[in-house]
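Have a look at the structure below before the remarks.
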Amino acid sequence: MPDTPSPRDRLIVALDMATTDEAERLIDRLGDAASFYKIGYRLGYAGGLALAERLVKGGAKVFLDLKLHDIGNTVEEGVQSLARLGAHLLTVHAYPQTMRAAVRGRDSVPGSALRLLAVTVLTSYDDADAREAGYALSVSELVAIRALAAREIGIDGIVCAATEAAQVREIVGPDGLIVTPGIRPAGSDTGDQKRVVTPAAAIRAGVDYIVVGRPITAAADPRAVAQSIVAEIAAA
């Protein structure tokens, strides 16, 4: 990866709650055990962008998992706005027109540090889901096709399951970012994720950043869980 973040910075905590009050309470409980936060649809549409701006101003990093996908002009202008917000990572769906528009939008903001991530195949999908959606390809084949397109268009990294990380690394090279959701510490409930691995296994597979939600946010002691995951990353 182009930078070398600390083990703590490689953990992205998913703020998948309903209100910014809940999110800020969790952030306070985590303290310095975490420094990177993901904001998705649920919180994003409930004041999450304002929270993102506050977090950035406070020195934290923010991953906006908004999975943009629309006509080119709409995506381009949306990315411009989000780049000005100061977010560190932003997801877009891995469709060529969408990705090209996102790159144009990001590159039009002077000094932007925003990195764009292409969502290849959701980690809640498996081969049966791909067939149901009308694809005559396996998940791994779809991931490879979309990762190659993303690299050629100039996207900075890929969101994929850790099970596809080695395959994606061959495509994006050493400088491409790989971000993996669906991470579950050993013994955790997998929830609605189907292609899950532990933090250590993800790091060993070549993942740059891992995204962890419920195992931290639903824990009785989220700080202790976050610290345990960071230690696992450091030891991997």
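For all residues, glycine too, the Cβ spot is worked out from N, Cα and C.
Feature annotation from Swiss-Prot assigns substrate binding site to Asp16, Lys38, 65-74, Thr123, Arg184, Gln193, 213-214. The active site, proton donor annotation in Swiss-Prot covers Lys67 and rests on sequence analysis.
Shown on the structure are the features that Swiss-Prot records.
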residue : record                 : DSSP class
Asp16   : substrate binding site : coil
Leu66   : substrate binding site : strand
Gly72   : substrate binding site : helix
Thr123  : substrate binding site : coil
Gly213  : substrate binding site : coil
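Calculated from their C-alpha atoms, the gap between Asp16 (substrate binding site) and the residue listed as 'active site, proton donor' amounts to 15 Å. Counting every protein chain shown, 18 other Cβ atoms lie within 10 Å of the Cβ of His69 (substrate binding site). Within 10 Å of the C-beta atom of Gly72 (substrate binding site) sit 15 other C-beta atoms, taking all shown protein chains into account.
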